[in-house]
Every structure is written in structure tokens, then in C-alpha cells.
């Protein structure tokens, strides 16, 4: 892994900034692209490949279909970099830089992104269906999933904080509303915060239909990358079931302490998030002759 000159980083940042000016919601989308890429075979830009004969794209897998976006932003950055320095910066590196810039431009932390990743020669439709955590996952499943990728519980909690921006479809949180279990909220709902929040969600997402209706993952500060996600969880107001289980299924209290720490101190969360993003961005990286630098992120080189 290496660090290229500043112009490459500034080129990516400029184009991300322009994209977010037009559509602030793309910040969460670019971060999610990087996450969904790294959790399937590693950070190798396999998520960007389109379907071709004999290979089905990860874009068509359940967690990604009609959900992932931001591909055009990556395409534009890649085109401009190829014009300036052909076959030098991989699509996997662009994903890593774009995710970092998207977070920072929405008020979050920055971190060093070392370059030198190679792009994969294939995608994994089955892997995308298997390894990307479901929105109704139990805490045990989440821990096992992150562990498979070399990430500790502390990384899982910190990276869950990415849900401070973005939104989710009704299909992803309907179960959390209409099958209200203890694990979907935290503690005793003395002030009826959870009950009130559930009624708001029910107005957005009925028992059936409107599957593609969206709700923000963080109702309080949906467009700002901050620590409010963790405050929401402590109040039983995480949008997804997999958000709330961080505290409700944490029977020994270790994760809850971490959630409290992040809710109480944004600087602590930012430092942990940056550290865990660097770690995630190095999952099963291809180097040397293991992959290639694609000329077009949607297709392997001819």
C-alpha cells in the first residue's frame, strides 16, 4: 500500500463535494458502497462490476438491489483520473477515498487512506447475499459477521455509527415496528419515547405496501455526521432492529458502555470510527498481480 500525491486525493474530494452539493444524501450512499464492497471478498471494487454473461453482479443481490447508489459519482471520478493518469488509481482506492471524503464533508472525521488496492476480476452475487448484515440481525449474528472479516466488537459498534446519516426503506424496518420485542428498544419506556417513535414510523410504513418508502436512520440530525445515532439507541429510537440490539441484547453491558461513551463524547466516537474505517478499508486487499486496475469500474479490462 502506498500514498500517491495530493492531486489525486484532491481530485476525488472535489468531485465528491460537487456531488454532495447536488444531493447531500449521496454521502451515506458512498460510505455504504465502500462498506458493501469490503464485506464481500474484500475491498476490491467487486460491487461496481455490472452483470455480464456468466457472472451476475453484486448490484442485483438482495441487500443491494434498488438500494445501492452513487455509482455515477465513482464513474465520473474514474473517468477524470484516467484522463489525467491512466491505469494508476484503482476503483477500490476511489471507493475508499470517496467514503472518507463523504463523511468528512458531512461534519465527520477524516482519516488517512493509503492507496495501492487492486480491483477484482469477478463479483460474488452469492457473497453479497450472504455476508452483508441484514437490518434485523441479532447481536450474535452481527458479532459473528464482523468477526469473519477480522473486525472486533469495538469496530462493529463504531462502524454502526455510520447510521448517523442515510435512510432506509420501509421493507428494512417494518419488522421492527410491527413485531415490537424487548430487543428492539432499550430499558423501560418510562416516558413513552419508544411508543411515540413507533407511531411515527407506523405513519410512514404501514403493515403492508409502501415497501420503498424511506425514513432517515437518524431522525434528529439526518444530514450531519455526528454521535446522535448512539443517543437515539439509548432512547430506543434506532430505526433498524440491528441498531437497537446493540444495547438490548448486550447482556454483560460491555457494548452498552461503549454506546454510552460515544453518546457522551463525539470526539471519542470520531476517533474510534476513523480507526475502524482504516481497518475495514484493508480487508482482503488485492495487491501486486492478484488483481488489476480497471479502466472502467463497471467492467474488467479486455
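Just so you know, glycine gets a Cβ as well, placed from its N, Cα and C.
According to TrEMBL, the features are:
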ACT_SITE  36  active site, proton acceptor
BINDING   37, 40, 42, 44, 46, 58  Ca(2+) 1 binding site
BINDING   133  substrate binding site
BINDING   163  heme b binding site
DISULFID  38-43  disulfide bond
DISULFID  91-297  disulfide bond
DISULFID  170-205  disulfide bond
SITE      32  site 'Transition state stabilizer'
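Within 8 Å of the centroid defined by the CB atoms of 37, 40, 42, 44, 46, 58, the record's Ca(2+) 1 site, lie the Cβ atoms of 36, 38, 39, 41, 43, 45, 47, 120, 123, 124, 127, 128, excluding the listed residues themselves.
Within 10 Å of residue 58 (Ca(2+) 1 binding site), as judged by C-alpha distances, no recorded positions are found among 38, 91, 133, 163, 205, 297. Residue density at residue 170 (disulfide bond): 19 other Cβ atoms are found within 10 A of its Cβ, drawing on all protein chains shown. Counting only same-chain residues six or more apart in sequence, the Cβ atoms lying under 8 angstroms from the Cβ of residue 205 (disulfide bond) belong to 170, 173, 174, 177, 213, 215. When the recorded positions 32, 36, 91, 133, 163, 297 are screened for a C-alpha within 10 angstroms of the C-alpha of residue 42 (Ca(2+) 1 binding site), the residues that qualify, in sequence order, are 36.
You'll find the Cα of residue 43 (disulfide bond) roughly 6 Å from the Cα of residue 37 (Ca(2+) 1 binding site). The CA atom of residue 38 (disulfide bond) is located 15 Å away from the CA atom of residue 297 (disulfide bond). Sequence-distant contacts of residue 40 (Ca(2+) 1 binding site), defined by Cβ-Cβ distance under 8 angstroms and a gap of at least six in the same chain, are 46, 47, 58, 124, 127, 128, 131, 132. Ranked by CA distance from residue 91 (disulfide bond), the recorded positions 36, 37, 44, 133, 163 have 44 at the top as the closest. Long-range C-beta contacts of residue 133 (substrate binding site), restricted to its own chain and to partners at least six residues apart, with a cutoff below 8 Å, comprise 39, 141, 142, 145, 242. Under 8 Å, Cβ to Cβ, and six or more positions away along its own chain, residue 297 (disulfide bond) finds 45, 48, 49, 71, 74, 75, 78, 91, 94, 119.
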